[in-house]
Amino acid sequence: MTDQTTTRRVLLKLSGESFGGGQMGVDPDVVSALAREIAEAAKTVEVAIVVGGGNFFRGAQLSQRGMDRGRADYMGMLGTVMNALALQDFLEQAGAATRVQSAISMTQVAEPYIPRRAVRHLEKGRIVIFGAGAGLPYFSTDTVAAQRALEIQAVEVLVAKNGVDGVYTGDPRTDPSATLLDTVTYQDALQRGLKVVDSTAFSLCMDNDMKMVVFGMEPGGNVTRAIRGERIGTIVSN
């Protein structure tokens, strides 16, 4: 890793769906390809990652079917740890030194989440994967990504999406007139009710002047490009 004062540090948010290739569970081919992209970019950039768990459980959806929301959210958090461990394995196969930190104590599989330790890992050239969300119910992993980015002093949050390549004026899956935005302010995104990223994450970044880039995972190479800082997707800022 190069001089700490000049090295770019980013927080990459990966949805659980990106691990399953649209299916439940983990698709080894998909995660292996993703890990190779991240490992390549991490040679010159300090990379921390927050992973979702939607390929296993979605707490909000389970709670709509009558399950206690807190319990459902904890199940989702455990799903994110499974994804974190899978990604760690494939990153190490790709030659990248990696650490997993969990917001819920599980010392046999992951370190506890300690911000200063995470920063030290990054400075040593290791990729740090944050699992178990915030360790608290009612917090989305989008919000956790914004919070972790602020705490480790990343320069921006990179939100990788499946099925869309940035922020649109509406939902492109249901609104044929929706157009891709090159840039948008947090205020505008919140006022329009744009749902591509959780509104709490938008608010947290807005209040702390943290830049966000929302981009599509396809085609291959996009994750590497985003981590390196190439112009891609939609820039969300103040």
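A Cβ is built for glycine as well, from the same backbone N, Cα and C atoms used for every other residue.
Keep in mind the model is a prediction, meaning the values are calculated, not measured.
What Swiss-Prot says about this one:
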BINDING   LYS13, LEU14, SER15, GLY16, GLY54, ARG58, ASN162, TYR168, ASP171  ATP binding site
BINDING   GLY53, ASP73, ALA134, GLY135, LEU136, PRO137, TYR138, PHE139, SER140, THR141  UMP binding site
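This view paints the features noted in Swiss-Prot onto the structure.
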| residue | record | DSSP class |
| --- | --- | --- |
| LYS13 | ATP binding site | strand |
| GLY53 | UMP binding site | coil |
| ALA134 | UMP binding site | coil |
| SER140 | UMP binding site | coil |
| ASN162 | ATP binding site | coil |
| ASP171 | ATP binding site | coil |
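Considering only the residues assigned to ATP binding, LYS13, LEU14, SER15, GLY16, GLY54, ARG58, ASN162, TYR168, ASP171, the longest pairwise Cα distance works out to 24 Å.
Between the C-alpha atoms of LEU136 (UMP binding site) and ASN162 (ATP binding site), the distance comes to 25 Å. The separation of GLY53 (UMP binding site) from ASN162 (ATP binding site), Cα to Cα, is 14 Å. Non-local contacts of SER15 (ATP binding site) by the CB criterion (under 8 A, 6+ apart in sequence, same chain) comprise GLY52, GLY54, THR141, ALA160, LYS161, ASN162. Within the same chain, residues at least 6 positions away in sequence whose Cβ sits under 8 Å from that of SER140 (UMP binding site) are GLY133, ASP198, THR200, ALA201. Fewest Cβ neighbours within 10 Å among the binding-site residues ALA134, LEU136: that distinction goes to LEU136. Taking Cβ-Cβ distances under 8 Å and a sequence gap of 6 or more within the same chain, the neighbours of TYR138 (UMP binding site) are ARG69, GLY70, ASP73. Between LYS13 (ATP binding site) and ALA134 (UMP binding site), the C-alpha separation comes to 14 Å. Spread of the UMP binding residues is 14 Å (greatest Cα-Cα distance among GLY53, ASP73, ALA134, GLY135, LEU136, PRO137, TYR138, PHE139, SER140, THR141). Summarising the environment of LYS13 (ATP binding site), the number of other Cβ atoms within 10 Å of its Cβ, over all protein chains shown, is 27. In this structure the C-alpha atoms belonging to ALA134 (UMP binding site) and ASP171 (ATP binding site) are separated by 28 Å. Burial estimate for the binding-site residues (GLY53, GLY54): highest at GLY53, by number of other CB atoms within 10 Å.
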